[in-house]
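Quick look at what TrEMBL annotates:
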- Cys234, Ala235, Ala236, Pro237, Gly238, Asn239, Lys240, Asp258, Asp285, Asp305: S-adenosyl-L-methionine binding site (BINDING)
- 91-118: coiled coil (COILED)
- 452-464: compositional bias 'Basic residues' (COMPBIAS)
- 126-423: domain 'SAM-dependent MTase RsmB/NOP-type' (DOMAIN)
- 428-464: region 'Disordered' (REGION)
Amino acid sequence: MALYSAAAAVLAGLERGEGGLKSLVFNSGFPHVRQLYALVSETLRYASVLEKLLDGAALLQAEKKLAPQLAKVLVYDLLFGKGLKCGGRWKALARRHRARLEAELARMKVRHKVSRNEDLLAPEKAVSAPASQVPRYVRVNTLKTCVDDVIDFFKRQGYAYLGKAASVEELKTLSGKKFLLDLHLPELLVFPSQTDLHDNLLYTSGHIILQDKASCLPAFLLGPVAGSHVIDACAAPGNKTSHLAAILKNKGQIFAFDVDPKRMATMNTLLTRAGVTGCQLAQQDFLTVDPRDTKYSRVTHILLDPSCSGSGMVTRGPGEEAAPSAERLQALAGFQRRVLNHALSFPALQRLVYSTCSLHQEENEDVVQAVLEEWGSAFRLVTAFPSWPCRGLAAFPGAESCLRASPAETLTHGFFVAVLERSKEGAAAPSSLPAAAKNPQPGEGTEPGAAPKKRKKKKQRMKE
């Protein structure tokens with residue numbers, strides 16, 4: 001019952017505007033955050049269907065003490081999930097009303113002339129249609145297994161392997177128990193969006209990582225060779241960190257930073273399950289890390305995925321910041337410029353990936369342009385992944401070197417990635433930091449919205 005109570009509390013927090021989905025899940029205190037996040041996300045996705053079911057079955061009228069949020073998560077798992085995972089009075093209540101709820105669900109399908117539960121989502125607003133097409137992406141954890149063995153495992157479980165995808169359009173046709181190898185990333189499998197693998201043995205043992213395709217791009221494009229020293233600046237919950245470790249083949253050193261203790265604990269669990277070694281976790285604001293510390297003298301690669309508006313995430317709830325104010329964007333962009341400047345100040349740095357799950361130019365192209373201008377010829381943009389179909393906005397010359405991703409064009413979450421390399425003429429680190437790196441302007445504190453003289457710590461957002 002703890003799962004449903006926690007999920008109901010998250011839904012209530014979203015409705016009250018207390019935070020975003022991911023922050024509320026991480027701050028819930030529930031030990032299995034991925035299970036909680038999956039349940040709340042799916043409940044939100046079926047929200048309009050669940051409201052009609054509750055209304056048609058008059059469940060809340062019959063059960064006066066049942067909170068609407070709790071009713072939604074219970075009915076979701078009862079009718080659309082894998083069945084209720086609780087006992088006691090709530091399970092008895094659900095059984096008492098099950099026949100009425102199932103009858104109302106059947107009537108809804110008849111009215112909409114559909115046969116499958118997920119087809120009831122089709123009448124949703126057109127703006128959400130691309131989000132419903134985003135497949136389930138599965139990254140094979142090469143620290144523990146290989147792609148061929150994972151494919152064989154799923155085939156033994158009754159899945160049909162269709163080979164390597166030839167186009168993004170082909171990913172849209174997936175249904176049932178069919179899956180493909182992604183056309184861009186060599187260790188990424190693609191399943192229909194409704195596929196739930198949270199209880200699959202490969203997932204629970206760390207052999208596969210459930211990670212959106214766009215979220216796999218930063219580590220893939222950073223591409224450190226085995227033996228490299230790498231910083232993951234805003235690391236929790238750890239999917240990108242585990243990807244870096246796999247690319248490094250656990251050879252080298254990763255320094256991973258995050259300020260939130262709960263997120264760090266979750267990250268430690270994830271990395272242990274994934275078989276990651278050679279990774280030093282530090283509960284520390286990356287902006288307080290001294291680039292001149294000899295510990296980081298061999299750091300040649302940095303992955304920087306800072307706090308952002310999260311406007312590219314397709315599983316959004318009522319409390320998510322879909323349209324941040326101009327002031328909020330300015331504060332976020334100030335923080336992002338500050339942290340990118342700080343990352344570029346590491347003396348041995350050769351390659352950096354800057355990424356966000358934001359759609360806003362202010363947090364993406366504008367940040368990259370401003371920082372590159374401050375560093376002069378020391379760093380340059382790399383044209384990353386030329387075959388990627390969605391490029392950066394033409395905000396400045398060379399911005400097309402950056403990547404963008406979206407549900408409509410790439411069947412992923414909304415994402416932005418820029419790859420920066422030290423230029424030959426900038427091979428030696430600058431003797432002093434750019435002015436903005438030393439003296440942040442108002443609105444450019446170490447966290448969004450922080451005062452320039454006194455830094456406030458703010459929890460980093462949860463990343464795919």
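Placed from the backbone N, Cα and C atoms, the Cβ positions cover glycine too.
Note that TrEMBL annotation is computational and uncurated.
The structure, with features from TrEMBL marked on it.
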residue: Cys234; record: S-adenosyl-L-methionine binding site; CB count, 10 Å: 21
residue: Ala236; record: S-adenosyl-L-methionine binding site; CB count, 10 Å: 30
residue: Gly238; record: S-adenosyl-L-methionine binding site; CB count, 10 Å: 29
residue: Lys240; record: S-adenosyl-L-methionine binding site; CB count, 10 Å: 28
residue: Asp285; record: S-adenosyl-L-methionine binding site; CB count, 10 Å: 19
Lying 6 or more residues past either end of the coiled coil (91-118) yet within Cβ distance under 8 Å of it, the residues of that chain are 49, 52-53, 56-57, 59, 62-63, 66, 74-75, 78-80, 84, 194
So the record assigns Cys234, Ala235, Ala236, Pro237, Gly238, Asn239, Lys240, Asp258, Asp285, Asp305 to S-adenosyl-L-methionine. If I measure every Cα pair among those residues, what is the longest distance in angstrom, as a whole number? 19
Whole-number mean pLDDT, the domain 'SAM-dependent MTase RsmB/NOP-type' (126-423), equals 91
